[in-house]
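Trainee: Sharing a structure below in structure tokens format, with a few things to ask.
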């Protein structure tokens, strides 16, 4: 069991000021100065459980589903074009993906005014905590915990990759957990299609979990970047601290080469960028260290698996399917219970050069699919 204490002290939920709006169809709560307007199928207790640059997340009771859910308010969702596209992408992806180890979409709350809305409310399954919080805590984690977390992450990733999707932003805080140790992957705002050789734009994600091909600006990366991130997360789970906590781009590459060795010419064979190759060739030479000696307390089979995940050349990196079949996960692996996505996800909606109003309308349509009575 993972200890995940939530709610206010003593289990009592505070009552937040609220008013009924739009002819009784909506309730607007004042959550510590944040307006939170949701349909009347959402009822107290309502509790803020997180906040970020995007806005606020509250747990609230969904009377239709008869369960507590997490509702994320994305404030001023259309002020930034890229952020608006991310929101639409995440909604469409979550509606397409249906897997035990991927966070489940419960609702996109329809806005009261179709043309004049600026905030987007997305409801998902409610989880208790995330892997980042668990790693930072002083809670003991057994070998069984670590195996189970890794197995579920890879099981979910197999499904995601089979849908022709690369997550691109795997990190401990994007892996949600409940008290039963169930793990669900979330935050698909940066996800991309898996199209080899297609020029994919550079983007900013958490540097510590970024594969070498991304650090070297390779534009034709594959789902192997997610496997690298899993390797980094795996070691952080075992070691209770980040494996490559680079202060900046250059420092990140240095940390990689100090542990995993300076890339050889064959390691660099995937790179087309001559500037990147020249940069690597002038780096100080480091041999690849034996992970078993650097981390003597870590299970030898776990080290063997991580070693295959942290292969500098992505073409030689272990695949998710191969990782699931590795001896470290033998007691959990069951190919018959590791489903794939029956229909690949289509990113076609992004190819049309859609404008802000189109994005807004598409999000509204997504809300209507889930709430036809508001059409």
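Our numbering is plain: 1 for the first residue shown, then up by one each step along the chain.
Glycine too: its Cβ is placed from the backbone N, Cα and C atoms.
Swiss-Prot lists 43-329 with the feature domain 'Protein kinase'. Swiss-Prot lists 49, 50, 51, 52, 53, 54, 55, 56, 57, 72 with the feature ATP binding site, giving sequence analysis as the kind of evidence. Positions annotated as active site, proton acceptor by Swiss-Prot: 169. Per Swiss-Prot, the feature phosphothreonine maps to 201, 206. If you look up Swiss-Prot, you'll see 203 marked as phosphotyrosine.
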Trainee: Quick one: pull the CA-CA distance for residue 51 (ATP binding site) versus residue 169 (active site, proton acceptor), whole Å only.
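Mentor: Each residue's Cα considered, residue 51 (ATP binding site) and residue 169 (active site, proton acceptor) end up 19 Å apart.
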Trainee: Given residue 206 (phosphothreonine) and residue 55 (ATP binding site), what distance in Å do their CA atoms have, once rounded to a whole number?
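Mentor: About 19 Å separates the two Cα atoms.
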Trainee: Check residue 57 (ATP binding site) against DSSP and tell me helix, strand or coil, would you?
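Mentor: The three-state answer is strand.
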Trainee: I'd like the number of other C-beta atoms within 10 A of the C-beta of residue 206 (phosphothreonine), please.
Mentor: 15
Trainee: In angstrom units, rounded to an integer, how far apart are the Cα atoms of residue 55 (ATP binding site) and residue 169 (active site, proton acceptor)?
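Mentor: The separation of the Cα atoms works out to 19 Å.
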Trainee: Could you tell me the C-alpha distance between residue 49 (ATP binding site) and residue 169 (active site, proton acceptor) in angstrom, no decimals?
Mentor: 22
Trainee: Indicate whether residue 169 (active site, proton acceptor) is helix, strand or coil by DSSP.
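Mentor: Residue 169 (active site, proton acceptor) sits in coil per DSSP, no helix or strand.
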